[in-house]
Amino acid sequence: MNDIAAGGVVYTVEGGALRLLFIDDRFGYLSLPKGHPEPGESLEQAALREIEEETGIRGRIVAPLGEVAYAFQSGDGQTVHKTVHYYLIEKTGGTLRVQEEEIAGVRWIPADGALPAQEEAGYPNNRPILVRALQALRREIARRIDHTLLKPEATKDDILRLVEDAVRYGFAAVCVQPWWVSLVADRLRGTGIRTCAVVGFPLGGTLPEAKAYEAYQAVRAGAEEIDVVVNLGALKSGDEDGVRRDLEAVIEAAKPQAAVKVILETALLTEEEKRRAAEWAVAAGADFVKTSTGFGPGGATVEDVRLIRSVVGDRAGVKASGGIRTLSVALALLEAGADRLGTSSGPAIVRELPAPEDAASDEKAVP
């Protein structure tokens, strides 16, 4: 007899910590939520429905994690050959509740404690799925990072090491001064990692024509993203026309070849100025609104990310930048609504995440 089921490793970022969802099953084991597809359901739909029914948590599928196949004896003595298809799933809503007729409990476990908990109380043949989930989460966090080196004294060797790190960890982009764009773009060709150039950096006070030319030349050299500093003086003077004219010049020069992120330097702005700047940036056609240059008096904060997200909604992305050096800070900013993180500490942040090696499982059955 053959049996098919679908389930997932659900994750969430809460309180600056990465957590995974487990169930305590009716046999006393730690397990993963799963169940059988209903007629007409895809495996992905079945996984999401079963997880919500068993745990109360809604999610979206991020990636497949493979399958677990095993055999066990049913109550009537038949040998059942079961295959469970698992997915990495990001929590999107809901609150924990227990489907008491089928399971004993539901709980979130910190990511760094997930494998020890699995070793202590889980089914061994779930271990490879959990390992793949942790590895996939490492990649997911890395794909949110713009690996950055903007120090004026950075050398060619420094930039080449930056590129090597980006390729090794699979970061979203490499962000550099325009001088280095052609070198970076050449080294990143074919990797899927984007080349990002700063424009009007770090003060933002150059003329719109100068910023537009700088952006145009950076795109010609291979930049796929432009991080431009807003004209802070015009912004703080309430000059909407001046700010928008400045940004529109850069956006016109960069698009459609390159996405544009507008840097606000939030530490120098009042709350109302931050709101105004984010709105003007989106109105000008920006793809992202970014908190800081990293050269100002303060960096990214959870409060600023939340504020910017509340203004831009889903009309633009949010990039947090400045002072992001640890995993806990990175996760808190992602939880607050950041889509990207600009940091020179990307490798150290990613290395804080669990990175288990693949391991074969034994054949202990998961009913």
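Backbone N, Cα and C atoms are what each Cβ position is placed from, and that goes for glycine too.
Curation plays no part in TrEMBL annotations; they are all automatic predictions.
Here TrEMBL gives region 'Disordered' for one range in the set 56-79, 104-127, 296-319, 344-367: that range is 344-367. A Cα-Cα distance of 4 Å separates K290 (active site, schiff-base intermediate with acetaldehyde) from K319 (active site, proton donor/acceptor). It is 10 Å from the Cα atom of K319 (active site, proton donor/acceptor) to that of D227 (active site, proton donor/acceptor). In sequence order, C175, C196, A197, V198, V199, F201, K261, I263, K290, K319, G342 constitute the residues six or more apart from D227 (active site, proton donor/acceptor) in its chain with CB-CB distances below 8 Å.
In terms of DSSP secondary structure, the domain 'Nudix hydrolase' (1-133) contains 34 helix, 68 strand, 31 coil.
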